[in-house]
Every structure is written in structure tokens, then in C-alpha cells.
Amino acid sequence: MLYIVLIPLLLSCIIPFISKIKHKLHTGLFVFLIPTVIFIYFIRFVGTEFEPVRQSYNWIPSLGINFDFYLDGLSLLFALLISGIGALVVLYSIYYLDKGERLGHFYVYLLMFMSAMLGVVLSDNIFVLYTFWELTSISSFLLIGYWHFKEKSRYGALKSMLITIFGGLSMFGGFILLSVMTGTTSIQVMIQNAEVIMNSPYMPLALGFMLIGAFTKSAQFPFHIWLPDAMEAPTPVSAYLHSATMVKAGLFLVARFSPIFADYEWFFIIVSVAGIVTLCWGSYMAVHQTDLKAILAFSTISQLGMIMAMLGFGTEAAAFAAVFHILCHATFKGSLFMVAGIVDHETGTRDIRKLGGLMTFMPMSAALALFGTFSMAGIPLPFLNGFYSKEMFFQSTLDLPAGANVVATFLVDIIPYLAVFGSIFTFVYSLYFLFGTFAGKKQVDQLPKHPHEAPIGMLLSPFILVLGVILIGLFPNAFNGTFIAHAAEAVAGSAVVENIKFWHGLSPAFQMSLAVVAIGTILVSTRRKWSKVYTFVPGGRSINNIYDAIISKLDSWSRRITTFYMTGSLRLYMAIILSTIMLVTLSFMLVTDGFTINSNDLAPVRLTEIAVVLVIIAAAIGTIFARQNLAAILIVGVVGYGVSLLFVIYRAPDLALTQLVVETVSVALFLLCFYHLPNLRNKKDSTGTRLTNGIVSIGFGTLMTLIGISAHSSDWFGTISDYFLKTSHSLGGGDNVVNVILVDMRGLDTLFEITVLGIAALAIYSLIKIKIKKGTK
Amino acid sequence: MEFIILILAGVLFATAIYNLLQKQLLRIIIGTVLLSHGAHLFILTMGKLKRGEPPILADGVSEYTDPLPQALILTSIVISFGITSLLLVLAYRTATENNTDNMEQLRGNDNE
């Protein structure tokens, strides 16, 4: 199974070479073989006697991260959708995309996505699942931005990337919590140990994180906003990724983990509410759109919400209905996207206000759209699969188990009404899509191209999908036993026996369907009269605006914060660094009670030394007030000589000698620069700045003194210098211990100190010698 | 006495940092020089002041001052001298190339 998952990814490496011969052959013809082979591989598993298959390949065994693949009913359903619709989409894209496009890029991204998606649905290891999950986000980003020269494509790609990666990372957090709780990385082992997870205090956190991941990927309210903008992708991509496969990854995640969480009250509340709200909002907003693909995008959002709601219900019948609708939705939505692409391709526009009356020009497309939209609307005809799933949806809303708490009880009461509300609007936008495009007034003159029927090859894929709609509609139970029941079993956690029948009698669910059709018909015919309602809800408020505001605010705030402290002034950076050092050290010392004063072990104070110290202090303070360069340099010299005097007093002859020489040379160097540097006057800061600088410097000096006193007062262990003194003569062969340390015992220091001097000398030489003429930089 | 020398080191640190925070290049270099003086005195004091003769072995002497801090300071003096001279030449070059030694004007380009 590893090879099946990786085949598209591996073969995508040779696509760029094949796409070079595009003058003779469309690259898609070669690519078409890949999903077909995969589809044939998976179709062999279909049957009533299906048993889950498990395979494992080592990747990082030490971390428990392996390519563990697990093929059960749910994975099989998704794998068939991915490869089957993948093949049809590639077939469609052969006719949709011109040979002049960058086909190499397109098919590489598409195959990458196919691998990633197969990996997501087949992985049993959560970290491998996460890896493939992010790969779907990345390849989706690349595909949305396929026409990268368009501003809107880039905007849509970035938006989907930010939102889905945000969700992906959140899901990753949930996965880590789960693996910490159970000590395993395998989903199936987790399901077997569900009670460990349910009893853990981290369970709500893990569930919340995972649901954010699922909701962002499956475009649930309020994370649905990326999906309409993702419609800037080429239509084959919209049909494949944004209706049939990727947006169902979130549903897959919820379905996969629902055996663990299904009994948890808040799982029901959160998932059903998210689903129902998404269903209503998506279908309500779809009627308001003018772009064919935007209608379909909001329709996808609402249908995904419906499936999500059913997964949240947690009953066996709801799980069955959810799985069934995943299959149905993939067939009719895929075909509708392809029809929208055909209309766009043959007329040059997707704006429904400009379209109309295309039935006579494009009878085949119109017929395909008719089946697709009627199935989507759930019109009660025995050959449309959408009706069965809608009926099961209504039935499952009615059969909800009584809630344990107040919120759940309230939800159980209200959900059927919301379901009917969402379905009414589903009916409205389905017919609006169909009649707005193919019926009504002909406006052929205003279209960019003269409309005509699409080539047969282009119609082939939507035709096969519509055939699927009808076949599932006519023989629902043939699909039931072979794989829907197996998939539902994986979701519900126990065997599910459901019989799909067209006629249940005049049941409440059927009455709900009739109500939907009746009210929907009225609303469709009076659409112009009530469409003003959109100026009130949502009006100017939309979640897009909030997203845009967040992005631009984050941008401007971070810019403001950065320009606030990154002023380019080195003095400010210096002050910040020093204050930070000061505050951190001070608070550390205070917290650990580090300041101590112990005067037991001190040398006696003598007047000569006091005099030297006072002179140095006076000179050091004098540097601040000196106005002339010469004065400042000489005062620094006084400090240096004073320090060397202290070295003399404290029995350090070598130091005194070196300090004297170095100080003399330094002063000479200062004097050399003296003529070339401007004078020190007239560079005064404001009082506030001077005060801050004063506080920082005095604070730092005080702190260093205190640290020095504390360090001196605490005697941890003796010195190692006894060794140097003892062995200087015998081992080093010298009596000057300091010099023996420098060249013998710690000679390496000296070597590199010489190197430092050498580098400094070279740098000074080149600074003086190299002159870069202005303008030649 | 150690406390007094440490106070002196503190004063040197304080004045050094006040100079470092000034506008003019020359003042900043003066600040680094003072800072290294302060650090040297700090190291010297850590080895305890004046507990015997200079660390040059001689007959009949049993108490010497600690030679290790002296070796460390000697290394440090040389390094800080190298840095100071490099900074001076750099300041000279900066001031002549840009016609200013004011740190407020030496801020680099916006695009960097």
C-alpha cells in the first residue's frame, strides 16, 4: 500500500520531462493512467466480505513513527473517491487546459495532492497522517495559485494556506496530546483504548484542537471563508480538491475519531452545531452569489456542514447517512463543477447575471446540470441519490437521542427545523443555478464568446459522474452492502444494518422533504422580491472583513511594534540591552537572595591607595564633563595610569608594565585621531535622555559593585594558584609565575591573543589603505 | 580595601556606560576603554588583593599574590588594546567618509 500511496508522488518527478513533448501529446494522457491504476487496485477490495487490511513499513521506529497503513471501509470509500474522481478530473483537464499552459506544473501539483490525500485516508499513524495532511494544504496552495499572475489567485492561495495550516498545527497539538495520553501513535490502538482517552483530563483539550483542524480543513463556519476564494483555481482543481476530496479530509478526521468521542456530550454539541450552522449559513449565502463557482463553493460549504452535523449526531443511522452523503456529494458536486467549467470555457464568463438561455446551445451540459442540481436539491425522484441522503438526514435529525444536559436537549428540539431551513435554501440555490444558467432570457450578444456545445471529451467526465448519481439512485442497496455499510461500521464502531428505500410511506421525513420542495418553489419564483434581505443579513458585515481586518491589523501592529524599537539608533539598542541585563541580573539576585556582605577577609585600607582611587574616580567622572577632545583624551590617560599605579600597589609588576605601555600607545593613538574627529561640543541630549542614561549607567555600576562584593564575600573553594606557584620552577623552568602561566601553562590563550593583535593590525592597515571611490560601491 | 576597589570598578562601569550611550564616536571609544579598566580591576579584586609578595619566585618567600588573575588580565589588556586601536581607526574612517561622528545620523539605510 505504501507504493500505491507514493506512486503519484514518485511519478510526478518525471512529469516535467514528459511535459516537454507537449507539442505532440497532452501530458494529461500519461497522468490519466496513474489514478486509473490506483482505482483498479482499490476496486478489488470492494465486496460484501470485506476485512480491514493492515500494512506497516518502518520509517522512524525509535519515535514510533512508521508508515502504518490501515484500509477499512471508510478509507476504502475515500480512496476510491480520490482515485476515481482523480482520474475523471485528469480526463476533464486534458480538454480544459490548453497545451500552452504550464502543464508540467499543474500535473506535478495534482499528483502531489493525490499522494497526500491517499496518505491522509490510509494512514493509521497520527504523525504520518499529519505529514500527509500538511502536504495536502501545500499542494492545494500551489494549485489555487496556479495562475499566479492573477492578484486574486494569490490572495485566495494565501488565505487558504493561512487558515488550513492554522488548523493543521492545531490538529498536530491534539495528536500530540492523544499520543501522550495513550502512549501509542496508532489510531486503531487509540480506538481500542478509548476509555483511557475519555478518562484523561486532557481529553477536552485534545478534542478541541483536533476539531479546529477538522473544521478549518472542511470549511466549517466560521473558517469557511477560504473556500469561495479558492475558486480562483482552475476548474478541475475546484472540482477535485474543493468539492470531492480535500474538503472532506476534515470530515474524514471527525469520522475516524468519532468511535473514541461519540459518547462525549460536548462532541455532539460542538460538531452538530458547527455542522448545522454551516449548513444554514452556506446555503443561505449561496443564493446571494453571482459567480457560478461561488454558488457551488457555498453549496459545498453547506453540504459539508450537513455531513458534519450527521457525524456529530453519533447515531448509527446518522453515521450511515453521513457516509452515504459523502459518496453522493462527490458525484453530483464534481459533475456540477465540471459543468460550470464548461460554461465558463464555452461562453467566457461565469457571471450568472450575464448567462441565461443556454439550453438551446448546450443541451448536453444542460441535461448534466439538471441531474446534478436536482440531486443536490433533494427532489424526490427514484433515480437521484441526493434525495435518499437528504431523507436519511431528516430522519436522523428526528431520531436524535434525548440530550443529557440543557444545551443538548435544546439542540435536539431545534435541529430538525434548522435542517429544513438549510434544505430549503439548498433547493433554492440549486434551481437558481440551473435556471439562471440554462433557462430564461437569452443574452447571447453580451457574452464574450459565442456559446456552443463542449467537445465530447470534456463532457465525458461529468457524464460518468452523473451516471454515478443515477446508478446510486436506482440501485442504492448495491452500494450499501458492498462498501457504505463497511464505512459506516468504521465510523459508528459497530456493524450498521440499514436498508435504503425510496418509499417509506408518508413518514415525517418525507413530509419535511415535501415542505422543502413546496416552500423552495415559492422562494425560487419570488427570488427577486426577497433578495433585499441580504442587505440586512449579512449586509456589510462578513467574516471575510474580519479576516482581512485581522491580517491587516497584524501586519500594521507588528510593523508598528518593530519600528517602535528598531529605530536604527545604536544608542537605543545599547540602552535596551544594558537595562535588560541589569533587570534580569537584579531580579535573579533578589529572587535567589544572592546579595551578601562579609567583611571577614579583607585587606587593610591604606591612605595612599585611597588617594589613587579618588584620583581615578575623579578622572572617570571627568570624562563625562570634558568638552574638548584633548581634555577627554588626557583624562582617560589619567585613568589608565592610575590603574597601572594600582597594579604596582597590588604586586602585579607585569601588569603595571604592560598597562603603562598600552596606555601610552593608546593615548598616542587617540591623539592621532584627534585632528580628524570633530570636537565634542554642542552634542547635548535632552534632559530626559540624559536622565535615563544616568539611571542606566549608575544602576549598572551599582549592580556590578554589589555582585563583586557578594562574590568576594562568599568563599566557595580555594584557589588553584598554589599549583602554579609550586610547579612554576620545577615544571615550567621559570621564576616569574605570571609569565610561565602565559607561555607555558596556558599558552594557548597567548597564541590567540597574538592572533587578535595580528588581525587588528591587518584590519587597521586595510581600513587606512583601501579607498572605495564614491559611486563605485 | 577590596570593597573600595570594587566601588571604584563600579564607578568605572557607570561612567563607561554613560559614555557608551553618548552620541559621539570618540566618547563611545572612551567608554569602552573605561569599561575594560573596570573589568580588569574587577578580575584583580576577585583574586584577593595584596596577600604576599609579587608572584616572582624568590628564596625565603612563602606568600605570593595570586598569579592567575594577573595572567588573565594581561591577556585582556592586550586584546582590549587591539580592539581600542581598531575602533579608533574605524571611527576615524567613519567620520571622514560620512562627514559626521554623530551616532544619531549614522543609522544605516532604511532597506537594510
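In case you wondered, yes, glycine gets a Cβ from its N, Cα and C as well.
A TrEMBL annotation is a machine prediction, not a hand-curated record.
What TrEMBL records for A:6-21 (among others) is transmembrane segment. Using a Cβ-Cβ cut-off under 8 Å and counting only residues 6 or more beyond its ends in the same chain, the transmembrane segment (A:6-21) has close neighbours at 27, 30-31, 34-35, 37-38, 103-104, 107-108, 111-112, 114-116, 118.
In the predicted model, residues of the domain 'NADH-Ubiquinone oxidoreductase (complex I) chain 5 N-terminal' (A:60-107) average a pLDDT of 88. According to TrEMBL, the domain 'NADH-Ubiquinone oxidoreductase (complex I) chain 5 N-terminal' annotation covers A:60-107.
Taken from TrEMBL, the feature transmembrane segment applies to A:106-122 (among others). Residues 1, 4-9, 11-12, 15-16, 19, 27-28, 31, 34-35, 38, 69-71, 74-75, 78-79, 82-83, 86, 89-90, 93, 97, 128-129, 131-133, 135-136, 138-140, 142-143, 146, 234, 236-237, 240-241, 245-246, 249, 252 of the same chain sit 6 or more residues outside the transmembrane segment (A:106-122) yet have a Cβ under 8 Å from a Cβ within it.
Per TrEMBL, domain 'NADH:quinone oxidoreductase/Mrp antiporter transmembrane' is recorded for A:123-408.
TrEMBL lists A:128-149 (among others) with the feature transmembrane segment.
TrEMBL lists A:202-227 (among others) with the feature transmembrane segment.
Residues annotated as transmembrane segment in TrEMBL: A:239-260 (among others). Within the same chain, residues 74, 78, 81-82, 85-86, 89, 92, 110, 113, 117, 120-121, 133, 136, 140, 143, 167, 171, 187, 190-191, 194, 197-198, 210-211, 213-220, 227, 230-231, 233, 267, 271, 296-297, 300, 304, 307-308, 311-312, 314, 319, 322-323, 326, 329-330, 333-334, 336-338, 341, 490-493 sit at least 6 positions outside the transmembrane segment (A:239-260) and bring their C-beta atoms closer than 8 Å to a C-beta of that stretch.
When Cβ-Cβ distances below 8 Å are used as the criterion, the transmembrane segment (A:319-343) is approached by residues 74, 77-78, 81, 85, 88-89, 92, 96, 235-236, 238-240, 243-245, 248, 251, 255, 258, 292-293, 296, 299-300, 303, 306-307, 310-311, 313, 350, 355, 358, 362, 365, 368-369, 371-373, 375-376, 385-386, 388-389, 392-393, 395-396, 433, 437, 454, 458-459, 461-462, 465-466, 468-469, 472, 476, 479-480, 484-485, 487-488, 491-492, 496, 498, 500 of the same chain, each at least six residues removed from its ends. The transmembrane segment annotation in TrEMBL covers A:319-343 (among others).
Remote same-chain partners of the transmembrane segment (A:355-379), defined as residues 6 or more beyond its termini with a Cβ less than 8 Å from a stretch Cβ, comprise 292, 299, 303, 328, 331-333, 335-336, 339, 342-343, 346-347, 349, 385-387, 389-391, 423, 426-427, 430-431, 433-434, 436-444, 447, 451-454, 459, 462-463, 465-466, 469-470, 473, 513, 516-517, 520. Taken from TrEMBL, the feature transmembrane segment applies to A:355-379 (among others).
As annotated by TrEMBL, transmembrane segment applies to A:414-435 (among others). Only residues 6 or more beyond the boundaries of the transmembrane segment (A:414-435), in the same chain, are considered here, and those with a CB under 8 A from a CB of the stretch are 272, 276, 279-280, 282-284, 286-287, 292, 295-296, 298-299, 302-303, 305-306, 309, 336, 352, 369-370, 373-374, 376-379, 390, 393-394, 397-398, 400, 512-513, 515-517, 519-521, 523-524, 527.
Taken from TrEMBL, the feature transmembrane segment applies to A:456-475 (among others).
Counting same-chain residues at least six beyond the ends of the transmembrane segment (A:570-591), those with a Cβ under 8 angstroms from any Cβ of the stretch are 692-693, 696, 699-700, 703, 706-707, 710. According to TrEMBL, the feature transmembrane segment maps to A:570-591 (among others).
Sequence annotations record features per position, and here TrEMBL assigns transmembrane segment to A:603-625 (among others). With a cut-off of 8 Å between Cβ atoms, the residues of this chain six or more beyond the transmembrane segment (A:603-625) that come close are 632, 635-636, 638-639, 642-643, 645-646, 649.
Helix first, then strand, then coil: DSSP counts for the domain 'MrpA C-terminal/MbhD' (A:614-678) stand at 55 helix, 0 strand, 10 coil. As annotated by TrEMBL, domain 'MrpA C-terminal/MbhD' applies to A:614-678.
Among the features that TrEMBL reports, domain 'MrpA C-terminal/MbhE' is placed at A:690-769.
Among the features that TrEMBL reports, transmembrane segment is placed at A:750-768 (among others). With a cut-off of 8 Å between Cβ atoms, the residues of this chain six or more beyond the transmembrane segment (A:750-768) that come close are 742-743.
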